[in-house]
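So the structure is just underneath, and the comments pick up after that.
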């Protein structure tokens, strides 16, 4: 029996038609119990999965106090109620605007906090 080199096998495969190559791959899959499609599918699936987060609706939001506005005392009261901070800490947050008041909260909670702060006269951003 003559010995066949890798180069000869590669050359033989390179000269096959697409149909012959497809049948050859199927035979190899059956003989060795493997699937040539699995790695390709994983790569194809990984592409859209990476792009999907940009298209998905955001589920966690941050409430950021941009400015206290004219009613600083009212804003401090709302900040205390929303965050559970003491008077001094809440005042420091308001004085240090822009500052993040709530992080990684639901959309509903973020919108409610924004509503309360805006009613008190604050300028608020939800990210």
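Positions of Cβ are set from backbone N, Cα and C atoms, glycine also.
According to Swiss-Prot, the listed position annotated as N6-methyllysine out of 88, 93, 107 is 88.
As annotated in Swiss-Prot, N6-methyllysine applies, among 66, 77, to 77. Using a 10 Å Cβ-Cβ cutoff, residue 77 (N6-methyllysine) registers 16 neighbours. For residue 88 (N6-methyllysine), applying a Cβ distance below 8 Å and a minimum sequence separation of six or more within one chain yields no residues.
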